[in-house]
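Feature annotations, reproduced from TrEMBL:
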DOMAIN    780-872  domain 'DYW'
REPEAT    124-158  repeat 'PPR'
REPEAT    238-272  repeat 'PPR'
REPEAT    342-377  repeat 'PPR'
REPEAT    444-478  repeat 'PPR'
REPEAT    563-597  repeat 'PPR'
REPEAT    599-634  repeat 'PPR'
Amino acid sequence: MAATPLPIVSPPPPPLHPPNAATIRSLTAAGDHAAALRALSSLSSSSSPGAAPLDRFALPPAAKSAAALRSLPAVRAIHGAALRRGLLYDGPTPAVANALLTAYARCGDLPASLALFAAMPSRDAVTFNSLISALCLFARWLQALAALRDMVLEGHPLTSFTLVSVLLACSHLPDDPRLGREAHALALKSGFLDGDERFAFNALLSMYARLGLVNDACRLFASAGAAENAPGGGGGSGVVTWNTMVSLLVQSGRFDEAVGVLYDMVARGVRPDGVTFASALPACSHLEMLSLGREMHAYVLKDADLAANSFVASALVDMYASHEQVGAARRVFDMVPRGDRQLGLWNAMVCGYTQAGMDEDALELFARMEANAGVVPSETTMAGVLPACARSEAFAGKEAVHGYVVKRGMDGNRFVQNALMDMYARLGDMDAARRIFAAIELRDVVSWNTLITGCVVQGHITDAFQLVREMQQQGRYTYTDTATGDDGIDEEPVMPNNITLMTLLPGCAMLAAPARGKEIHAFAVRHSLDSDVAVGSAMVDMYAKCGCLALSRAVFDRLPRRNVITWNVLIMAYGMHGLGGEAVALFDRMVASDEAKPNEVTFIAALAACSHSGMVDRGLELFRAMKSDHGVEPTPDLHACAVDILGRAGRLDEAYGIISSMEPGEQQVSAWSSFLGACRLHQNVRLGEIAAERLFELEPDEASHYVLLCNIYSAAGLWEKSSEVRSRMRQRGVSKEPGCSWIELDGAIHRFMAGESAHPESAVVHAHMDALWERMRGQGYKPDTSCVLHDIEDAEKAAILRYHSEKLAIAFGLLRTPPGATIRVAKNLRVCNDCHEAAKFISKMVGREIVLRDVRRFHHFVDGACSCGDYW
C-alpha cells in the first residue's frame, strides 16, 4: 500500500507530555476522536528521546476514531502505517486488522473490508464478528449467515454479539422464517438467553417482529416471565426488554396490546424511561385515545429528566398534533429548553403545523430552526414543510424550495421526491411532478399514490386510473421525457393499498362514475380492504355522490367499525338526495350510539339536509341545541346553514337577523352567499342588492356573486342593472365558470358544454335534442326564459336554453343506453330552472329515471316529478 503521510489531521501544538497508546485509548473512549487522531499523528512523527513508539496498542482505538469520523483517508493512513511497521497482524490476536476491517465498513468501503479479511493469515472470533457486522451493515444478509457457518467450521466460539448480528440478518429474510427459528435454537443451545444476556433476547424479540411473527415474540416474552425472569430482571437493565416489546407491538399495529404491556411494566415496578414513552405515545394517536396520551404526559411531567427529553417531547408533539391539539403540541415544544431541542422535535412541530393546515406557522418555524437555533433541516423536515409551501398563498418562492432541496443534496431522497411531486401537483404543474416521478429509482406504493393523488386533484381522473393499471401490471412507468426520450425502468409490480383506493374513490365521485367505483369496491373485497374504516367511508361517499344511495347505505351497514367521518358522509348523502327525514333519523341514531360523537361537520350535514327538505323547525332546533347538548360551537359555517334554512323557506328577514348578529368581516361570506341565493329564489331585489354589495366587498373576484345578482335583475326585468353588473365583472376581469355536464358510459366519460359541437357525436345529439324539444313543447312544456341573462327576444332565449349542457348529456344518455336504463348526469354548477323542468318532462315521456347531480344536491326525476319537490 502506498505510504500516506501522517499526521492525518492538522498538527497540534507540541504536547506538554509525549502521547502514548493510553492517551489515544482515553481520547477515543471520551468521544474526542479528532484529538485521538492528532495524538496518533504526534506519536508517529515523534523522534524525541523517551517518546513512546507507535505500537499495536495505539492503532485499534485510532481506527475506531477514524470510523466514528467517517474518514476513509484516515483509515487508509492507519492501514498504511500498520503495514510499514509490521503491526497489522502483530501480537497474539489480529487486533489491528480487526479494527481496520470494522473501520473500512463504517466508512462505506465494504470491498476493502472483504479484501482485508481474505488477506488475514489468522482470524479469531472478533474477526468473524467484525465481518458479520460489516456484511449486515451493507444488507448482505445471506453472506453474513455464510460467514457464521465458516466461523463455526473454524471452531471459533460464538458470543452474544455474533448472535445479535445473525438475528438481524435472519429478520431481513422473511421468505425463510425457518432460519430465524434455527438462530433461536442456537441461542438456547449456546446459553445466550440465560442470566443477564439481554442483548440477544431483545434482538430475538425484534427478529420475530420483523418477520411478522409477532405472536412468537409475545410467547417468547411471556415465557421469560416478563419482569421477574426476563433478561436483566426487573431492574434498570430490564427496561430495555420492556421497551423492545412495546415498540414491536406498536410497529406491528397492535396498539391495545402495547398499552397493556406499558401498564404491566409499571405495575411490576419497572420504571419507564424516555424510550418507553417515545415508543408508546404513537399508540395513543392510532387508538384516538387523547386521555391516555395526557395520562402519559402527566407521568412525564413528574420527572424533570423526562420532561426535558427532546425525544419524549417529539412523541408528545406528534400525539397532540394527531389529535388536532396543536396548541398543546406547541406548549410541549416551548417547554423544552432551547439548547436541548433536537432535530426530531423541530420536525415534529413543523409537521404538526402542516398537518393542521397552519401553513404560515409551519413556514415560520422552519425558517427559525436554522436561522435562530442553528438546527440544519433534514429530509424529514423538507418532506414535512413542502405541503405547507405548496398551500400557502403568502409564500411566493415555491419553486425556489426545490432549488434549496437540490443545494442541500436531498433531491435523491424518496420522501422529499414524493413531497416535491405533491407540491408541483398542487400547483397544477403535472409535467414537473411526472419528471420527478420518472427520476425515482425504486418507486414504492407511496410514490405511485402521490402521483395518482396529483392526477385526481387536478381532475385528470383517466390518467389516475391508467397509473393504477401500470403499477399493477409490471410496475413500469411509461412517461417519456420530452427532452431525452427516456422511459422509466423496469420494476417489481406494486399493489394498490388502502391509500390508493381512498384516492381513487373521490375521483369516481367527482365524475359520477359508479362503474369504476364498483371495480374499486370489488378490488377492496378481494384484497380484504373493504373493512378498513377509511376505505369504507370513501366507498359510502362515492356511491352516494354517484347517485347510488341504496349501495351507499349497504356499505355503511356492513362496515364492522364506523367513525365520525362515516356517519357524516351518509348523513350528508341523505341530505343531498333530499331525504331530510332519513338524514335526521340517522343523526339521532348516531347520537344514541357509542361509535362517534357529532362534530361541526355532522351538524353542517344535518342542517343542510333540513334545508334541502324544508324541515325548518327541526333544523332550527338542531342549531339552537348543538352547543348546549353536544358542545359544538356555532361557527360561521353553521350560521350560514341556519341562514340557508330560513332563506329557502322565504323567511328572509329572520335570516338577515342571524347575519346581523354575526361579527362583521370575512366570517360572514358563507352566510351572505346563502342569503343571496335565497334572494334569487324568492326574487327579492332589495335584500339581494344588500347581500351582493357585502359580498363584492369581501370576495370581489368570485363570479357566482355577480351571476346571482344578474339572475335577480333579469327575473325582475331590470335589464339595465343586469348589464351594469356584467360590465362590473368585465372591469374586474371576473369571468363566469362555463357550465359543463358529463355522463359515464362504458367506462368512458363524455363531457358537454352549452351549445358546443366538440363532442364526436355532437350532430346526432343535437338532432335528438331537437326532437325531444318538439315533443316536450307538444305536451305543454314552456321554456323558462328568465334563466337567460341577456335582453334578447324570447325565441333567441329558447334557442340558447335548448342546448344547455345537462340537456345534451341527457339526450346522449338516451341515445347510448338500453331502454329503461337509468340516466346519470353530473353538472359543475347549479341546475337551472328550465333544465330542471325539462328533465321532469323527459323522464315522463321516455319512461326513464334521470338522476342529475349539480354542485349542491341530487335530483331524481321519475314520471314527471323530482325528488326535491321543486324545493332546491
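Here the Cβ of each residue, glycine as well, is placed from N, Cα and C on the backbone.
Residues 93-95, 97-98, 101-102, 104-106, 110, 113-114, 117, 165-166, 168-170, 172-173, 179, 186, 190, 192 of the same chain, all 6+ positions outside the repeat 'PPR' (124-158), place their C-beta atoms under 8 angstroms from a C-beta of that stretch. Outside the repeat 'PPR' (342-377), and at least 6 residues removed from its termini, the chain residues within Cβ reach (under 8 Å) are 310-311, 313-315, 317-318, 320-322, 324, 326, 329-330, 333, 336, 384-385, 387-389, 391-392, 394-395, 408. Here the repeat 'PPR' (563-597) has long-range neighbours at 533-534, 536-537, 540-541, 544-545, 547, 549, 552-553, 556, 604-606, 608-615, 618, 622, 630, 853, 856-860, 867-869, 872, meaning same-chain residues at least 6 beyond its ends whose C-beta is under 8 angstroms from one of its own. As a summary of secondary structure, the domain 'DYW' (780-872) carries 38 helix, 16 strand, 39 coil according to DSSP.
Mean pLDDT of the predicted structure over the repeat 'PPR' (444-478): 84. Taken through DSSP, the repeat 'PPR' (599-634) splits into 28 helix, 0 strand, 8 coil.
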